[in-house]
Amino acid sequence: MMRIYRMMIAVAGEYAGPFRRTLLLAAAASVVQALAWAITLPLLNIALADGPLRRAALAGWLGLLAALIVLEGILRWVEGEFVYRYWHRVTGAMRLRLAGRLRCMPLEQLARRKSGDLATVLGNNVTFAATAISSLATLAVQLAVVPGLLLGVVFALDWRPGVLLLLGAAWAAPCLLRARRAAGADFQRIDAADADASAAIVEYVQGQAMLRATGRAGVDAPCLRGVFDRQHRAQHASGDTVRRIAQAQLRAQLTLVAAAGLGIWLFAGGELPLASLLCLVALLAQMAEPLTLGMSMLRLFELADAALGRVNALLAEPDLLTDTPYQRPRHFGLRLENVSFRYQGQSRAVVSGLSLAIPERSLTALVGPSGGGKTTLTRLMSRFADPQQGRILLGDADLRHMQPETLLRHVSVVFQDVWLMDDTLAANIALGRPGASREEIEDAARRAHVHHVIARFALGYDTPAGEAGSALSGGERQRIAIARAILKDAPVVLLDEPTASLDSEAEYYVQQAIEALVVDKTVVIVAHRLSTIRAADQIAFIDEGRCVELGSHPTLMARAGGRYRALVEAQRADPAAE
């Protein structure tokens, strides 16, 4: 229980204080509820006493009972304020904290998680974790405190029914513990199956064009095949848990009946007064409801436990740490020193002992076969991950010693797969520099050769980009991303195959946009079409994570048997590659 409580406190975050007060209120209300039931004994003693009815004494006890009932109602009402006042705040704050955690995680680590899994955590798990904090926690307090206090009252009546109840609890406990362990395992499977199903749905929606083109867009889509069957099996593989809960409930109910029977037997033997017997039966009836309800809700509590665990696991993901002392670049050249990097879970290094100097305000092109490590290098230069060996410096400042905000302020990145928000085109460009004026946004768009595209839309710059930029073509999305980088005006620009997979017209406009972007910048470009980078100051041929050739285009072309020369000649022989 303490483990779950600590997880709730961690998830509650800034609202941990109100949450603790709510639990204290729930405990206080439960104590008042138990005291109200304890008053039944003096009431029954007065009502069943021989002689004239003592109205004054009866009125006093009834007044106390009414006061306790009113007090319990007030405490429950104040307790419920947390649900109505804080539930949405806790949910929103939790999602913002998780978003902040995603921002601080290394992107290489984040990429290993399925988008559906993250959607499940940020969606269903957060909602259920907030429900656990706002409602289930107070219910758990009530279900634990009330039966415990009523058991104390039973002992005050007669120790023998109390001992019988303790023995019954020991009899039911093994079933309950086994049911709890089984329920925990059930919901781990169900949660994993739900995350897989969410990921499959996201993949199915995003892959509609390809699936329709191959005639696999129906229920036989590869990404959907079997995933819902696995989800169904996971949800229905909990029969053993249900049986164990039913066994525990049966044992608890038999124990309560046995305690009532013992009370009747003691009354028949003259060892228990009638008032005490009636009070005992009332207490046992009151204990039956929370015990049965608590056992019935065991699976719900375990589901909350699983949701809290997944939320806390994401919150506990390690940050991309910044070493001290913090450093700032004195210039904007890049230098890679003996850099080696492998993705987690892979034995082969993607980058191996690579050293490369990139002078300030120069254009360096990375070329070579696919899978050679070019894109990984650009990601390392923008510190999406840290190399396991060596270091990368920006202006003599080690990237590990640069605060993320400082580094990203000096670096613009344009990837091959451009991401656009489902917001206006102006808002997407303004991501480069929040607060930019409309004139500055339009100027960046003109320099990126995308203004005339935006002007064709009826809403102009207020046109929604659509999900993932679906309102635009690939080349247009690329130019929006370049306009964003132009507006940011960072001194270092990293371009990852920006013209790959574009037709000749789109490539022309993107090339014009790139030329506007890279003026007086330190530029690193991953090049697929070699005809676009012949004017580069230096060209690095990257293969198997190593820089095997380095020089200008004329220098490398003059090298007989060189890798770069062979690649250029191969592209000349195949016009489609150009």
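Glycine too: its Cβ is placed from the backbone N, Cα and C atoms.
Values in this document were obtained by computation on a predicted structure and should not be read as measured data.
Among the features that TrEMBL reports, domain 'ABC transmembrane type-1' is placed at 23-303. Taken from TrEMBL, the feature transmembrane segment applies to 58-78, 136-157, 163-179, 250-268. TrEMBL lists 334-569 with the feature domain 'ABC transporter'.
Nonlocal intrachain contacts for the transmembrane segment (250-268), taken as residues 6+ away from its ends with a CB within less than 8 angstroms of a stretch CB, comprise 154, 158, 160-161, 164-165, 167-169, 171-172, 175, 274, 276-277, 280-281, 284, 287-288, 291-292, 295.
Beyond the transmembrane segment (58-78), the same-chain residues lying 6 or more positions past its ends with a Cβ under 8 Å from any Cβ of the stretch are 25, 28-29, 32-33, 35-36, 39, 42-43, 46-47. Tertiary proximity for the transmembrane segment (163-179) is limited to same-chain residues at least six positions away from its ends with a CB under 8 Å from its CB atoms, namely 151, 154, 241, 244-245, 247-248, 251-252, 254-256, 258-259, 262, 295, 298.
Note on the transmembrane segment (136-157): residues 8, 19, 22-23, 25-27, 29-31, 33-35, 37-38, 41, 79, 82, 165-166, 259, 272, 276, 279-280, 283-284, 286-287, 290-291, 293-294, 297, 300-301, 304 of its chain, located 6 or more positions outside it, place their CB under 8 angstroms from a CB of the stretch.
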